[in-house]
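Database features, via Swiss-Prot:
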type	residues	note
REGION	82-102	region 'Disordered'
COMPBIAS	93-102	compositional bias 'Basic and acidic residues'
DOMAIN	138-216	domain 'RRM'
REGION	215-427	region 'Disordered'
COMPBIAS	227-241	compositional bias 'Gly residues'
COMPBIAS	257-402	compositional bias 'Basic and acidic residues'
MOD_RES	S282	phosphoserine
COMPBIAS	409-427	compositional bias 'Basic and acidic residues'
Amino acid sequence: MGDSGDPFLRNPNAAVQARAKVQNRANVLQLKLMGQSHPTGLTNNLLKLFEPRPPLEYKPPPEKRKCPPYTGMAQFVSNFAEPGDPEYAPPKPEVELPSQKRERIHKLRLEKGVEKAAEDLKKYDPNNDPNATGDPYKTLFVSRLNYESSESKIKREFESYGPIKRVHLVTDQLTNKPKGYAFIEYMHTRDMKAAYKQADGQKIDGRRVLVDVERGRTVPNWRPRRLGGGLGTSRVGGGEEIVGEQQPQGRTSQSEEPSRPREEREKSREKGKERERSRELSHEQPRERSRDRPREDKHHRDRDQGGRDRDRDSRRDRDRTRDRGDRDRRDRDRGRDRTSRDHDRDRSRKKERDYEGGEYEHEGGGRSRERDAEYRGEPEETRGYYEDDQGDTDRYSHRYDKMEEDDFRYEREYKRSKRSESREYVR
(Lines of atoms letter the chains of each structure in order from A and count residues from 1; the text may use other names and numbers.)
(Lines give C-alpha, C1' and ligand atoms only; values in the text may rest on other atoms or scores of the structure.)
Protein backbone atom coordinates (compact mmCIF):
# COMPACT_ATOMS: atom_id res chain seq x y z
CA MET A 1 0.00 0.00 0.00
CA GLY A 2 1.35 3.36 -0.95
CA ASP A 3 1.09 6.61 0.88
CA SER A 4 -1.89 8.71 -0.16
CA GLY A 5 -0.04 11.92 0.47
CA ASP A 6 3.03 11.03 -1.61
CA PRO A 7 4.16 14.18 -3.48
CA PHE A 8 5.76 12.11 -6.26
CA LEU A 9 2.56 10.16 -6.87
CA ARG A 10 4.38 6.92 -7.02
CA ASN A 11 1.17 4.97 -6.35
CA PRO A 12 -1.85 7.07 -7.30
CA ASN A 13 -4.28 4.23 -6.51
CA ALA A 14 -3.12 3.82 -2.93
CA ALA A 15 -6.41 5.05 -1.52
CA VAL A 16 -8.38 2.34 -3.36
CA GLN A 17 -9.06 -0.68 -1.16
CA ALA A 18 -7.41 -3.92 -2.30
CA ARG A 19 -9.61 -6.79 -3.36
CA ALA A 20 -8.91 -10.49 -2.65
CA LYS A 21 -8.00 -12.67 -5.65
CA VAL A 22 -10.73 -14.98 -6.77
CA GLN A 23 -9.56 -18.61 -6.43
CA ASN A 24 -10.92 -21.34 -8.66
CA ARG A 25 -12.34 -24.53 -7.26
CA ALA A 26 -9.73 -26.64 -8.99
CA ASN A 27 -6.90 -24.78 -7.32
CA VAL A 28 -8.44 -25.24 -3.93
CA LEU A 29 -8.87 -28.96 -4.43
CA GLN A 30 -5.29 -29.31 -5.59
CA LEU A 31 -4.04 -27.56 -2.51
CA LYS A 32 -6.08 -29.88 -0.32
CA LEU A 33 -4.69 -32.97 -2.01
CA MET A 34 -1.15 -31.72 -1.58
CA GLY A 35 -1.70 -31.15 2.08
CA GLN A 36 -3.16 -34.62 2.52
CA SER A 37 -0.42 -36.46 0.56
CA HIS A 38 2.69 -35.27 2.48
CA PRO A 39 3.04 -33.22 5.61
CA THR A 40 5.60 -30.93 3.96
CA GLY A 41 3.25 -30.11 1.15
CA LEU A 42 5.85 -30.93 -1.56
CA THR A 43 4.89 -32.46 -4.86
CA ASN A 44 5.81 -35.95 -5.95
CA ASN A 45 8.54 -34.74 -8.29
CA LEU A 46 10.26 -32.89 -5.46
CA LEU A 47 9.80 -35.73 -3.03
CA LYS A 48 11.62 -38.12 -5.40
CA LEU A 49 14.75 -35.98 -5.04
CA PHE A 50 14.83 -36.61 -1.30
CA GLU A 51 14.18 -40.35 -1.38
CA PRO A 52 16.99 -42.52 0.20
CA ARG A 53 19.12 -44.92 -1.83
CA PRO A 54 18.41 -48.63 -1.72
CA PRO A 55 20.37 -50.65 0.91
CA LEU A 56 23.58 -52.52 -0.07
CA GLU A 57 23.40 -56.12 -1.18
CA TYR A 58 24.60 -58.58 1.42
CA LYS A 59 27.75 -60.58 0.60
CA PRO A 60 29.07 -63.39 2.78
CA PRO A 61 32.66 -62.96 4.20
CA PRO A 62 35.58 -64.69 2.32
CA GLU A 63 36.88 -67.99 3.57
CA LYS A 64 40.29 -67.90 5.37
CA ARG A 65 42.89 -70.03 3.57
CA LYS A 66 46.35 -71.14 4.77
CA CYS A 67 49.24 -69.16 3.14
CA PRO A 68 52.84 -70.43 2.77
CA PRO A 69 55.33 -69.06 5.36
CA TYR A 70 57.99 -66.42 4.58
CA THR A 71 61.51 -67.71 3.78
CA GLY A 72 64.95 -65.95 3.93
CA MET A 73 67.84 -65.60 1.42
CA ALA A 74 70.32 -67.83 3.18
CA GLN A 75 69.85 -70.59 0.64
CA PHE A 76 70.94 -68.26 -2.20
CA VAL A 77 74.17 -66.93 -0.57
CA SER A 78 76.19 -69.78 -2.05
CA ASN A 79 75.33 -68.55 -5.54
CA PHE A 80 77.06 -65.16 -4.99
CA ALA A 81 80.53 -64.51 -6.51
CA GLU A 82 83.52 -64.79 -4.21
CA PRO A 83 86.57 -62.41 -4.24
CA GLY A 84 88.59 -64.95 -6.22
CA ASP A 85 86.01 -65.42 -8.97
CA PRO A 86 86.35 -63.47 -12.26
CA GLU A 87 82.77 -62.27 -11.97
CA TYR A 88 83.47 -60.62 -8.59
CA ALA A 89 85.37 -57.62 -10.13
CA PRO A 90 84.80 -57.49 -13.90
CA PRO A 91 87.36 -55.41 -15.86
CA LYS A 92 86.33 -51.89 -16.88
CA PRO A 93 85.76 -51.42 -20.59
CA GLU A 94 88.35 -49.20 -22.27
CA VAL A 95 86.64 -46.08 -23.59
CA GLU A 96 88.52 -43.54 -25.74
CA LEU A 97 88.32 -39.99 -24.45
CA PRO A 98 87.80 -37.06 -26.85
CA SER A 99 91.32 -35.78 -26.16
CA GLN A 100 92.78 -39.24 -26.86
CA LYS A 101 90.78 -39.44 -30.07
CA ARG A 102 92.13 -36.09 -31.25
CA GLU A 103 95.67 -37.14 -30.42
CA ARG A 104 95.24 -40.43 -32.29
CA ILE A 105 93.90 -38.66 -35.38
CA HIS A 106 96.76 -36.15 -35.19
CA LYS A 107 99.33 -38.96 -35.08
CA LEU A 108 97.71 -40.68 -38.04
CA ARG A 109 97.83 -37.49 -40.05
CA LEU A 110 101.48 -36.96 -39.17
CA GLU A 111 102.32 -40.49 -40.25
CA LYS A 112 100.47 -40.00 -43.52
CA GLY A 113 102.25 -36.69 -44.05
CA VAL A 114 105.64 -38.29 -43.47
CA GLU A 115 104.81 -41.06 -45.93
CA LYS A 116 103.62 -38.58 -48.53
CA ALA A 117 106.72 -36.41 -47.99
CA ALA A 118 108.95 -39.45 -48.48
CA GLU A 119 107.17 -40.27 -51.74
CA ASP A 120 107.33 -36.69 -53.03
CA LEU A 121 110.97 -36.41 -52.02
CA LYS A 122 111.86 -39.12 -54.50
CA LYS A 123 110.21 -37.11 -57.27
CA TYR A 124 111.64 -33.75 -56.11
CA ASP A 125 114.28 -32.37 -58.49
CA PRO A 126 114.53 -28.54 -58.45
CA ASN A 127 117.21 -28.48 -61.17
CA ASN A 128 114.83 -30.02 -63.72
CA ASP A 129 111.78 -27.97 -62.74
CA PRO A 130 110.24 -26.38 -65.88
CA ASN A 131 108.83 -23.46 -63.84
CA ALA A 132 112.21 -22.62 -62.29
CA THR A 133 113.99 -20.60 -64.98
CA GLY A 134 116.66 -17.98 -64.71
CA ASP A 135 119.80 -17.55 -62.67
CA PRO A 136 119.30 -18.97 -59.14
CA TYR A 137 121.97 -16.62 -57.69
CA LYS A 138 119.94 -13.60 -58.81
CA THR A 139 116.59 -14.96 -57.62
CA LEU A 140 115.00 -13.88 -54.34
CA PHE A 141 112.43 -15.92 -52.43
CA VAL A 142 109.57 -14.00 -50.74
CA SER A 143 107.09 -15.80 -48.46
CA ARG A 144 104.20 -14.95 -46.11
CA LEU A 145 102.61 -12.79 -48.77
CA ASN A 146 99.04 -11.63 -48.67
CA TYR A 147 96.87 -13.91 -50.79
CA GLU A 148 95.40 -10.86 -52.53
CA SER A 149 98.80 -9.46 -53.55
CA SER A 150 99.47 -9.41 -57.28
CA GLU A 151 102.70 -9.71 -59.24
CA SER A 152 102.57 -6.04 -60.20
CA LYS A 153 102.25 -5.03 -56.54
CA ILE A 154 105.22 -7.21 -55.55
CA LYS A 155 107.28 -5.87 -58.44
CA ARG A 156 106.50 -2.28 -57.47
CA GLU A 157 107.61 -2.90 -53.88
CA PHE A 158 110.92 -4.63 -54.76
CA GLU A 159 111.91 -2.42 -57.70
CA SER A 160 113.41 0.06 -55.24
CA TYR A 161 116.43 -2.24 -54.77
CA GLY A 162 117.19 -2.64 -58.49
CA PRO A 163 115.76 -3.58 -61.89
CA ILE A 164 113.69 -6.78 -61.88
CA LYS A 165 113.76 -9.27 -64.73
CA ARG A 166 110.84 -11.51 -63.74
CA VAL A 167 108.34 -12.04 -60.90
CA HIS A 168 106.77 -15.51 -60.54
CA LEU A 169 103.86 -15.79 -58.07
CA VAL A 170 103.34 -19.49 -57.27
CA THR A 171 99.72 -20.68 -57.55
CA ASP A 172 97.90 -23.95 -56.99
CA GLN A 173 97.65 -26.08 -60.13
CA LEU A 174 94.10 -27.23 -59.39
CA THR A 175 92.38 -24.11 -58.00
CA ASN A 176 94.74 -21.50 -59.51
CA LYS A 177 94.85 -19.68 -56.15
CA PRO A 178 98.10 -18.12 -54.85
CA LYS A 179 100.02 -20.06 -52.22
CA GLY A 180 101.51 -17.02 -50.50
CA TYR A 181 105.08 -17.01 -51.84
CA ALA A 182 106.87 -15.82 -54.97
CA PHE A 183 110.27 -15.75 -56.70
CA ILE A 184 111.81 -12.46 -57.89
CA GLU A 185 114.67 -12.55 -60.40
CA TYR A 186 116.86 -9.43 -60.49
CA MET A 187 119.07 -8.24 -63.30
CA HIS A 188 122.14 -8.04 -61.03
CA THR A 189 123.34 -10.10 -58.09
CA ARG A 190 124.14 -7.05 -55.97
CA ASP A 191 120.50 -5.92 -56.18
CA MET A 192 119.34 -9.32 -54.98
CA LYS A 193 121.75 -9.16 -52.03
CA ALA A 194 120.57 -5.65 -51.12
CA ALA A 195 116.94 -6.77 -51.17
CA TYR A 196 117.86 -9.84 -49.11
CA LYS A 197 119.44 -7.67 -46.41
CA GLN A 198 116.92 -4.82 -46.28
CA ALA A 199 113.52 -6.18 -47.38
CA ASP A 200 113.18 -8.80 -44.66
CA GLY A 201 110.19 -7.91 -42.45
CA GLN A 202 108.79 -5.35 -44.89
CA LYS A 203 105.01 -4.87 -44.81
CA ILE A 204 103.17 -5.57 -48.08
CA ASP A 205 99.37 -5.32 -48.08
CA GLY A 206 99.26 -5.46 -44.28
CA ARG A 207 101.53 -8.51 -43.81
CA ARG A 208 105.23 -8.72 -42.96
CA VAL A 209 107.03 -10.83 -45.53
CA LEU A 210 109.99 -13.15 -45.06
CA VAL A 211 112.82 -12.78 -47.58
CA ASP A 212 115.44 -15.42 -48.38
CA VAL A 213 117.62 -16.59 -51.25
CA GLU A 214 116.58 -19.43 -53.54
CA ARG A 215 117.97 -22.50 -51.80
CA GLY A 216 116.50 -25.24 -54.01
CA ARG A 217 119.14 -24.88 -56.74
CA THR A 218 121.92 -23.28 -54.70
CA VAL A 219 122.11 -25.44 -51.53
CA PRO A 220 122.70 -29.19 -52.03
CA ASN A 221 120.55 -31.69 -50.12
CA TRP A 222 118.05 -28.97 -49.30
CA ARG A 223 114.33 -29.66 -49.29
CA PRO A 224 111.32 -27.35 -48.97
CA ARG A 225 109.20 -27.24 -45.89
CA ARG A 226 106.39 -29.30 -47.39
CA LEU A 227 108.87 -32.17 -47.69
CA GLY A 228 110.16 -31.88 -44.12
CA GLY A 229 112.79 -29.19 -44.61
CA GLY A 230 112.80 -25.48 -44.02
CA LEU A 231 114.78 -22.26 -44.14
CA GLY A 232 118.38 -23.38 -43.64
CA THR A 233 119.19 -24.45 -40.07
CA SER A 234 117.27 -21.60 -38.43
CA ARG A 235 113.92 -23.33 -38.95
CA VAL A 236 113.08 -27.03 -39.02
CA GLY A 237 109.88 -28.43 -40.50
CA GLY A 238 107.71 -31.34 -39.48
CA GLY A 239 110.19 -34.09 -40.37
CA GLU A 240 112.98 -33.08 -38.02
CA GLU A 241 114.40 -36.60 -37.79
CA ILE A 242 114.55 -36.96 -41.57
CA VAL A 243 116.50 -33.74 -41.87
CA GLY A 244 118.96 -34.90 -39.23
CA GLU A 245 119.55 -38.19 -41.05
CA GLN A 246 120.28 -36.51 -44.36
CA GLN A 247 122.82 -34.06 -42.95
CA PRO A 248 126.30 -35.38 -42.24
CA GLN A 249 127.27 -35.02 -38.59
CA GLY A 250 130.94 -34.30 -39.16
CA ARG A 251 130.52 -30.95 -40.94
CA THR A 252 128.20 -27.97 -40.89
CA SER A 253 125.48 -27.51 -43.47
CA GLN A 254 126.16 -25.35 -46.49
CA SER A 255 122.82 -23.61 -45.93
CA GLU A 256 124.45 -21.61 -43.13
CA GLU A 257 126.55 -19.59 -45.56
CA PRO A 258 123.73 -17.42 -47.03
CA SER A 259 122.48 -16.70 -43.49
CA ARG A 260 125.66 -14.82 -42.50
CA PRO A 261 124.39 -11.39 -43.60
CA ARG A 262 121.34 -11.85 -41.40
CA GLU A 263 123.50 -12.65 -38.38
CA GLU A 264 125.65 -9.61 -39.08
CA ARG A 265 122.53 -7.49 -39.34
CA GLU A 266 121.29 -8.75 -35.97
CA LYS A 267 124.68 -8.00 -34.41
CA SER A 268 124.62 -4.47 -35.79
CA ARG A 269 121.14 -3.97 -34.33
CA GLU A 270 122.33 -5.16 -30.93
CA LYS A 271 125.30 -2.79 -31.09
CA GLY A 272 122.96 0.11 -31.90
CA LYS A 273 120.76 -0.78 -28.92
CA GLU A 274 123.82 -0.90 -26.65
CA ARG A 275 124.86 2.56 -27.83
CA GLU A 276 121.40 3.94 -27.04
CA ARG A 277 121.50 2.36 -23.57
CA SER A 278 124.94 3.87 -22.88
CA ARG A 279 123.65 7.30 -23.91
CA GLU A 280 120.63 7.00 -21.64
CA LEU A 281 122.84 5.92 -18.74
CA SER A 282 125.20 8.85 -19.34
CA HIS A 283 122.23 11.25 -19.19
CA GLU A 284 120.81 9.64 -16.06
CA GLN A 285 124.08 9.42 -14.07
CA PRO A 286 124.43 13.15 -13.22
CA ARG A 287 120.80 13.22 -12.09
CA GLU A 288 121.29 10.24 -9.83
CA ARG A 289 124.45 11.79 -8.36
CA SER A 290 122.59 15.00 -7.64
CA ARG A 291 119.83 13.01 -5.92
CA ASP A 292 122.12 10.75 -3.93
CA ARG A 293 124.42 13.54 -2.78
CA PRO A 294 123.56 14.59 0.81
CA ARG A 295 122.14 17.97 1.59
CA GLU A 296 125.22 19.10 3.51
CA ASP A 297 127.31 18.78 0.35
CA LYS A 298 124.73 20.78 -1.52
CA HIS A 299 124.89 23.44 1.21
CA HIS A 300 128.67 23.73 0.86
CA ARG A 301 128.40 23.80 -2.90
CA ASP A 302 125.79 26.57 -2.72
CA ARG A 303 128.12 28.60 -0.50
CA ASP A 304 130.80 28.35 -3.16
CA GLN A 305 128.32 29.38 -5.81
CA GLY A 306 126.96 32.36 -3.90
CA GLY A 307 127.10 34.63 -6.90
CA ARG A 308 124.77 32.40 -8.89
CA ASP A 309 122.29 32.28 -6.02
CA ARG A 310 122.32 36.05 -5.69
CA ASP A 311 121.60 36.45 -9.39
CA ARG A 312 118.79 33.96 -9.14
CA ASP A 313 117.35 35.75 -6.08
CA SER A 314 117.54 39.11 -7.81
CA ARG A 315 115.66 37.67 -10.80
CA ARG A 316 113.01 36.27 -8.49
CA ASP A 317 112.67 39.64 -6.71
CA ARG A 318 112.19 41.37 -10.04
CA ASP A 319 109.53 38.84 -11.01
CA ARG A 320 107.78 39.40 -7.68
CA THR A 321 107.80 43.17 -8.09
CA ARG A 322 106.34 42.74 -11.57
CA ASP A 323 103.62 40.47 -10.23
CA ARG A 324 102.95 42.94 -7.40
CA GLY A 325 102.68 45.80 -9.88
CA ASP A 326 100.25 43.84 -12.06
CA ARG A 327 98.15 42.99 -9.03
CA ASP A 328 98.12 46.63 -7.86
CA ARG A 329 97.08 47.73 -11.34
CA ARG A 330 94.19 45.27 -11.30
CA ASP A 331 93.19 46.46 -7.83
CA ARG A 332 93.19 50.08 -9.02
CA ASP A 333 90.92 49.19 -11.93
CA ARG A 334 88.53 47.43 -9.56
CA GLY A 335 88.67 50.43 -7.20
CA ARG A 336 87.78 52.82 -10.01
CA ASP A 337 84.84 50.67 -11.01
CA ARG A 338 83.63 50.60 -7.42
CA THR A 339 84.21 54.36 -7.14
CA SER A 340 82.01 55.09 -10.15
CA ARG A 341 79.26 52.82 -8.84
CA ASP A 342 79.46 54.30 -5.31
CA HIS A 343 79.50 57.83 -6.70
CA ASP A 344 76.25 57.26 -8.57
CA ARG A 345 74.75 55.65 -5.48
CA ASP A 346 75.84 58.59 -3.28
CA ARG A 347 74.30 61.09 -5.68
CA SER A 348 70.97 59.29 -5.53
CA ARG A 349 71.14 59.12 -1.73
CA LYS A 350 72.07 62.81 -1.55
CA LYS A 351 68.96 63.75 -3.48
CA GLU A 352 66.79 61.66 -1.17
CA ARG A 353 68.35 63.18 1.96
CA ASP A 354 67.88 66.71 0.59
CA TYR A 355 64.19 65.97 0.41
CA GLU A 356 64.23 64.70 4.00
CA GLY A 357 65.36 68.08 5.35
CA GLY A 358 69.09 68.62 5.67
CA GLU A 359 70.09 65.35 7.25
CA TYR A 360 72.79 64.93 4.64
CA GLU A 361 74.87 67.76 6.07
CA HIS A 362 74.86 66.16 9.49
CA GLU A 363 75.65 62.68 8.26
CA GLY A 364 77.77 63.68 5.30
CA GLY A 365 80.40 65.26 7.48
CA GLY A 366 81.16 61.91 8.98
CA ARG A 367 81.89 60.08 5.74
CA SER A 368 84.59 57.47 6.03
CA ARG A 369 88.10 58.02 4.89
CA GLU A 370 87.86 55.14 2.48
CA ARG A 371 84.81 56.66 0.73
CA ASP A 372 86.67 59.95 0.22
CA ALA A 373 89.67 58.16 -1.13
CA GLU A 374 87.50 56.15 -3.51
CA TYR A 375 85.79 59.35 -4.67
CA ARG A 376 89.16 60.94 -5.40
CA GLY A 377 90.31 57.77 -7.20
CA GLU A 378 93.37 57.23 -5.00
CA PRO A 379 95.08 53.82 -5.11
CA GLU A 380 94.41 51.34 -2.36
CA GLU A 381 97.94 51.55 -0.99
CA THR A 382 97.34 55.15 0.14
CA ARG A 383 94.02 54.18 1.74
CA GLY A 384 95.63 51.84 4.24
CA TYR A 385 94.67 48.61 2.46
CA TYR A 386 98.22 47.39 3.01
CA GLU A 387 98.98 49.51 6.08
CA ASP A 388 100.09 46.41 7.96
CA ASP A 389 102.81 45.67 5.43
CA GLN A 390 105.57 48.17 6.05
CA GLY A 391 108.89 47.98 4.34
CA ASP A 392 109.88 45.13 2.06
CA THR A 393 106.93 42.75 2.26
CA ASP A 394 106.86 39.15 1.19
CA ARG A 395 103.53 38.49 -0.49
CA TYR A 396 104.37 34.86 -1.32
CA SER A 397 104.65 33.59 2.23
CA HIS A 398 101.59 31.36 1.77
CA ARG A 399 103.37 29.52 -1.06
CA TYR A 400 106.58 28.62 0.72
CA ASP A 401 105.28 25.19 1.67
CA LYS A 402 104.66 24.44 -2.05
CA MET A 403 108.23 25.24 -3.12
CA GLU A 404 111.14 22.87 -3.12
CA GLU A 405 112.60 22.41 0.31
CA ASP A 406 116.24 23.07 -0.55
CA ASP A 407 115.68 26.17 -2.67
CA PHE A 408 113.34 27.67 -0.08
CA ARG A 409 115.84 27.12 2.74
CA TYR A 410 118.75 28.85 1.07
CA GLU A 411 116.63 31.67 -0.27
CA ARG A 412 115.28 32.37 3.20
CA GLU A 413 118.73 32.35 4.78
CA TYR A 414 120.10 34.62 2.11
CA LYS A 415 117.54 37.44 2.31
CA ARG A 416 114.72 38.14 4.71
CA SER A 417 112.69 41.28 5.16
CA LYS A 418 111.81 42.80 8.50
CA ARG A 419 108.27 41.66 8.05
CA SER A 420 109.26 38.03 7.39
CA GLU A 421 111.65 38.02 10.40
CA SER A 422 108.82 39.00 12.70
CA ARG A 423 106.62 36.12 11.53
CA GLU A 424 106.96 32.44 12.32
CA TYR A 425 106.80 30.33 9.16
CA VAL A 426 106.10 26.67 9.29
CA ARG A 427 109.14 24.82 8.05
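The backbone N, Cα and C atoms fix where each Cβ goes, and this holds for glycine too.
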If I take every residue in the domain 'RRM' (138-216) and average their pLDDT values, what number comes out?
93
For the compositional bias 'Basic and acidic residues' (93-102), residues assigned helix / strand / coil by DSSP:
5 helix, 0 strand, 5 coil
Over all shown protein chains, what is the count of other CB atoms within 10 A of the CB belonging to S282 (phosphoserine)?
9
